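Some notes on the structure that comes next.
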């Protein structure tokens, strides 16, 4: 199935709640999803490096 059809399928309410899973709303990626921000790790990295996520900065120690 194409990515867009899988995104539409994921948005529907499943018959059983255990079947529901999160997808990144930007790219549609099902893995590496960060609940706190609601996006995948790759989109999180891109947005944080561009400064689009307030309060997030690159760590340094």
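Just so it is clear, glycine is given a Cβ too, placed from its N, Cα and C backbone atoms.
Annotated Zn(2+) binding site per Swiss-Prot: 24, 27, 40, 43, in sequence order. A sphere of 10 angstroms centred on the C-beta of residue 43 (Zn(2+) binding site) encloses 20 other C-beta atoms.
When the binding-site residues 24, 27, 40 are compared by the number of other C-beta atoms lying within 10 angstroms of their own C-beta, 27 comes out lowest.
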